[in-house]
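Marked as domain 'Phosphagen kinase N-terminal' by TrEMBL: B:44-131. Per TrEMBL, domain 'Phosphagen kinase C-terminal' is recorded for B:158-400. What TrEMBL lists as ATP binding site is B:161-165, B:HIS224, B:ARG269, B:325-329, B:353-358.
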Amino acid sequence: MKKLNDQMAKLTIKRLSPEEEFPDLSQHNNHMAKVLTQDMFTKLRDRATPNGFTIDGVIQTGVDNPGHPFIMTVGCVAGDEETYEVFKELLDPIIEDRHGGYKPTDKHKTDLNPDNLKGGDDLDPNYVLSSRVRTGRSIRGFCLPPHCSRGERRGVEKMSVEALDSLSGDLKGKYYALKNMTDAEQQQLIDDHFLFDKPVSPLLLASGMARDWPDGRGIWHNDTKTFLVWVNEEDHLRVISMQKGGNMKEVFNRFCTGLTKIETLFKDKGTSFMWNEHLGYVLTCPSNLGTGLRAGVHVKIPNMSKHAKFEEVLKRLRLQKRGTGGVDTAAVGGTFDISNADRLGFSEVELVQMVVDGVKLLVEMEKKLEKGQSIDDIMPAQK
Amino acid sequence: MANNFARILSSKRNVGILSLVGAGSLTAAFLLNREHVTAGAQVRRVYPASAEYPDLRKHNNCMASHLTPAIYAKLVEKATPNGYTLDQAIQTGVDNPGHPFIKTVGMVAGDEESYEVFADLLDPVIKERHNGYDPQTMTHPTDLDSSKLKSGKFDDRYVLSSRVRTGRSIRGLSLPPACTRAERREVERVVVDALAGLKGDLAGTYYSLTHMTDQEQQQLIDDHFLFDKPVSPLLTCSGMARDWPDARGIWHNNTKTFLIWINEEDHTRVISMEKGGNMKRVFDRFCTGLKEVERLIQEKGWEFMWNERLGYILTCPSNLGTGLRAGVHVNLPKLSKDPRFTKILDNLRLQKRGTGGVDTAAVGSTFDISNLDRLGQSEVQLVQTVVDGVNYLIDCEKKLEKGQDIKIPPPFKK
């Protein structure tokens with residue numbers, strides 16, 4: 001045995017040049033592929049974050065998933081908070097392109113005061129079936145899902161569950177670890193739009209965030225199922241406030257109250273969320289930086305959605321449409337998921353305001369189209 | 001992903017520190033020093049091993065059967081010279097708990113050294129998977145002299161096709177779960193370069209996956225020539241599908257009877273096949289081709305990963321030794337419905353699969369029948385087992401056709 005080790009110790013480990021390591025991105029259409037040059041790769045290849053995350057870890061998902069001619073994915077992830085600094089040369093231009101021209105010197109404002117939201121309690125429930133606000137939070141000091149070890153992931157779970165268990169009043173709730181959940185419980189939660197998918201998307205799998213599934217993963221929700229926290233899916237925490245109907249104001253109130261309480265609980269335990277004044281809240285995917293906030297409704301707009309100007313209206317309102325199954329799903333019977341397109345460079349209040357005002361207008365347009373009227377006179381300006 | 005940083009911390013060279021002051025957070029980027037470190041080097045952990053130990057209570061694979069907390073604690077501190085760690089090796093087994101009926105291996109090697117550095121886990125796994133073969137005390141015989149094969153021509157009315165496959169790894173380059181893009185491309189370059197030197201009935205062409213048209217690719221799949229796009233979570237969880245289809249391809253000779261897959265689950269998979277039942281000719285070509293390829297890479301200063309303890313080194317511990325699967329597609333309409341079929345196969349040391357390969361179902365009554373064993377017996381011995389076994393099966397089928405009874409053969413003795 002010793003002789004074999006000696007032989008192998010003498011092996012010359014082949015470390016090949018950065019030119020030979022550079023990925024073939026000729027078929028690719030994602031933000032990473034647009035930005036990553038040979039020179040940049042050569043430079044970044046020699047670095048690692050203090051946790052050992054390297055450029056290959058950052059870009060693997062983008063290399064493995066060339067993308068879609070119509071949908072521009074980000075194509076990279078962060079393995080820890082420091083990724084955004086250590087690989088700045090790659091991530092800053094991606095952030096700028098993805099977040100509407102947000103510059104490396106720009107400052108992001110955080111505003112979680114629900115009193116600053118105007119209106120939002122009167123969206124027509126005949127059209128607006130449900131309202132939801134979600135964001136993500138990362139716990140400082142732990143690696144993010146693409147890079148964390150089992151121990152770290154369990155540490156995130158333990159710390160989060162301790163904090164959540166001390167919530168009270170209408171926020172009081174319970175944690176369901178994925179590995180102890182029955183299949184029936186799990187399916188019920190999925191059908192209620194409460195639970196996160198078992199990871200099947202190659203975008204997620206290729207980044208390594210599904211390792212050790214379902215270890216350390218779970219869902220916490222309050223007794224009324226209006227405030228939910230996902231633990232260790234694509235981010236450390238995803239925080240969701242939701243309810244049937246169109247009272248977005250109430251949803252946002254609960255969202256802000258709950259988030260602020262959780263943050264206080266974490267601070268009491270000597271930790272905090274990953275946040276800085278340039279990038280706001282730091283999350284795994286660069287697309288979720290800033291507020292990490294997606295405020296949306298399920299709204300019935302069968303006429304509006306078939307209108308020639310539908311896409312244009314959404315664009316001007318800074319809104320995005322999805323199917324009712326979430327990202328990358330199709331709409332069912334004229335019911336769409338409409339939410340804010342932006343994440344970074346606007347505060348939480350500003351983004352929810354855009355959704356409230358925008359959805360109100362879409363419903364108004366839908367009603368006009370039902371009556372056979374034109375919507376030209378209420379076309380919005382570009383926000 | 002490789003914990004490169006921890007490996008570098010333990011290297012004997014100084015590490016240059018490049019400090020970047022970020023907005024609101026102290027960060028430091030470290031210049032990687034890609035120097036060689038000795039096998040078994042210490043890896044820094046933030047958590048104790050007990051906090052990192054995977055939850056294997058619902059698992060049924062060889063890794064889970066043998067990875068005790070004590071072995072985990074011992075090995076988790078180590079890395080191979082390429083920086084491959086235990087967590088990487090076992091990731092596929094953690095992510096895929098297994099099937100109550102099919103016991104998968106549940107771990108892979110990232111490089112040749114994995115089999116040494118993680119021997120405390122791999123040796124018992126190998127022993128279980130390979131029917132008691134003890135890598136610590138036994139040696140593996142290699143024999144590629146196909147002239148020793150007796151009566152390798154099957155009845156064409158039953159045997160539709162014959163095939164022998166194995167794998168070979170290029171010493172000095174990491175295996176598919178761990179290789180970098182450049183290493184993978186180097187494997188491709190070394191092998192394609194060598195294959196260009198094949199002559200006569202072995203002369204052929206290389207088709208890189210990145211340049212193949214979808215049509216060419218589908219044709220090759222339908223002909224049973226090409227490897228699948230990786231969809232099995234057993235493979236994808238180990239990281240061997242990264243950067244697909246970069247540096248993957250298939251080489252085959254002009255008559256499509258000798259094929260080499262590059263950079264799928266292993267550096268190379270070498271396949272000899274043809275329609276009909278002439279296993280002798282298939283094995284002849286297999287041995288000639290393999291030896292010729294070996295000679296050609298040696299001319300350029302390369303060699304295959306091999307040692308007398310484990311034979312040929314491949315990514316999956318289940319393919320150690322010969323890495324050889326010799327099989328036929330054979331039509332056994334009566335025998336396959338006989339309740340004794342499985343027992344007969346067991347005693348012959350044969351395995352049945354569907355005609356789409358591993359984890360597929362049989363179509364009609366045509367089965368893929370091949371050797372179960374890989375390690376502890378030579379190539380000649382294993383192909384002989386298949387020859388003798390398939391002849392026995394055909395004999396049974398013929399007997400059943402005539403309404404005669406069949407016997408379960410005695411358990412196979414080496």
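Any Cβ shown, glycine's included, is placed from N, Cα and C.
This view paints the features noted in TrEMBL onto the structure.
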| residue | record | DSSP class |
| --- | --- | --- |
| B:SER161 | ATP binding site | strand |
| B:ARG269 | ATP binding site | strand |
| B:GLY327 | ATP binding site | strand |
| B:ARG353 | ATP binding site | strand |
Checklist outcome for this item: Using DSSP three-state counts, the residues of the domain 'Phosphagen kinase N-terminal' (B:44-131) come to 41 helix, 5 strand, 42 coil
Checklist entry - Residues with Cβ closer than 8 Å to the Cβ of B:ARG269 (ATP binding site), same chain and 6+ apart in sequence? => result B:ARG165, B:THR166, B:GLY167, B:PHE227, B:ILE260, B:TRP261
Next on the checklist: Give me the count of other Cβ atoms within 10 A of the Cβ belonging to B:SER161 (ATP binding site).
Outcome noted: 18
Item to check | Segment-level pLDDT (mean, integer) for the domain 'Phosphagen kinase N-terminal' (B:44-131) | outcome: 94
Checklist entry - Hey, what's the Cβ neighbour count for B:ARG353 (ATP binding site) at 10 Å? => result 18
Checklist outcome for this item: Around the Cβ of B:GLY327 (ATP binding site), other Cβ atoms found within 10 Å total 24
Next on the checklist: What are the sequence-distant neighbours of B:VAL164 (ATP binding site), meaning same chain, six or more residues apart, C-beta distance under 8 angstroms?
Outcome noted: B:ILE271, B:SER272, B:MET273, B:MET279, B:VAL282, B:PHE283, B:PHE286, B:LEU324, B:ARG325, B:ALA326, B:GLY327, B:VAL383
